[in-house]
């Protein structure tokens, strides 16, 4: 019988809330300490925002995988993503990635990834404005319309741009006509856009940044390299499992890693769920444990809760264990990374949402209807605070007793071990909890 040769394993790291959980910090730690050799993005676009503090400086990533700052790491932007090339090149410059020797040999964009065009961003803004009071809270980055083009099969892919620019030109003009029929007041200089895209095509070809990344990923795994899939957004923003319609336009759950990179399901050996020790959300949508009071303001202030992508203040509330357990049910977390625990250092009382009631009835699962979310009542478990700075602590046993009780309750409720505990902003401000 033919035996398949062993290949490098895959770890998928996902947001367990509404994004902004601190995934970038955990990715950076895993690259530095866990010998991760490949980092891949599988879905979303530059609507995501990962902040990494390393090498004495802060990096803000939106579409580029966080592994680009580690010289040993290869980076892939997969077929499931949507790519704004203006933002891609701006992000390289902003983070001074082009100053790193050989950076271009360590990153590839899938030729099957779809392109975000200016027309998509214009449509995104028009669609959101038409909703009036029922706004989704889109970042207006063109993400939704680009995925819509993909599904409608009139989208433009990176391969169209770099392999056949004449064909790309025809498709682009048709796409603009299609949208202008729906939105007659849309104004766009097609010729100017095509000049810009031609420059991008030349640069991508010159640097050899585009390929069939399914093959690349398989070759890397066949050589024994370990892969970390860097999920964007969060489980509760998933197009299927999130708080629909207040969601993103892609699958931000573990299935998105498989379809967004062309990975075999059995290649995934570990799924890490990242959650803050409290909850935050940017923009509109259900948020059962939100604190619209001084406590919420305090969380926002101490946690510096401002969106990396939007610059908007994040709404803040207590950790929602009902949704965290739901995220585990969908993704099958093997480990949890609990971030920003230090933000709770000065709170006398800390709470965790442990049950939902709708019309006084205990719910077995979160509501599927948007209207029901507004009526959900949350039951809480209350904990005593620890009122002790934990920034310098590097082992679980060093943490104050009340802090340990809080963490242990989370893992018992969800049924997943808390392996990493973030106690500060720097890479080193992280506790690895051994079994």
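Each residue, glycine too, has its Cβ placed from N, Cα and C.
For 19-25, 49-51, 314, 340-342, 422-424, the entry in Swiss-Prot reads GTP binding site. Per Swiss-Prot, IMP binding site is recorded for 20, 21, 22, 23, 47, 48, 49, 50, 139, 153, 233, 248, 312. What Swiss-Prot records for 20, 49 is Mg(2+) binding site. Per Swiss-Prot, active site, proton acceptor is recorded for 20, and the stated evidence type is sequence analysis. Residues or ranges marked as active site, proton donor by Swiss-Prot: 50. Taken from Swiss-Prot, the feature substrate binding site applies to 308, 309, 310, 311, 312, 313, 314, supported by sequence analysis.
Overlay of Swiss-Prot annotations on the structure.
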residue	record	DSSP class
20	IMP binding site	coil
25	GTP binding site	helix
47	IMP binding site	coil
233	IMP binding site	coil
311	substrate binding site	coil
341	GTP binding site	helix
- request: If we count other C-beta atoms within 10 Å, could you say which of the binding-site residues 47, 233, 310 has the fewest?
  value: 310
Message: Sequence gap of 6 or more, Cβ distance under 8 Å: name the residues on the same chain that satisfy this around residue 19 (GTP binding site), in order along the sequence.
response: 48, 49, 232, 233, 234, 237, 252, 282
Query: Counting across all protein chains shown, how many other Cβ atoms sit within 10 Å of the Cβ of residue 314 (substrate binding site)?
result: 21
Field: Packing count at residue 22 (GTP binding site) (other Cβ atoms within 10 Å of its Cβ)
entry: 23
Statement: recorded positions considered: 49, 50, 51, 311, 423; fewest surrounding Cβ atoms within 10 Å belongs to 311
Binding-site residues near residue 50 (active site, proton donor) (Cα-Cα within 10 Å), from 22, 314, 341, 423: 22
Statement: With neighbours defined as other CB atoms within 10 A, the best-packed of the binding-site residues 25, 313 is 25
- request: Could you tally the C-beta atoms, other than its own, that fall within 10 angstroms of the C-beta of residue 20 (IMP binding site)?
  value: 29
Task: Please tell me which one of the binding-site residues listed here (20, 310, 313) sits closest to residue 51 (GTP binding site), measuring Cα to Cα?
output: 20
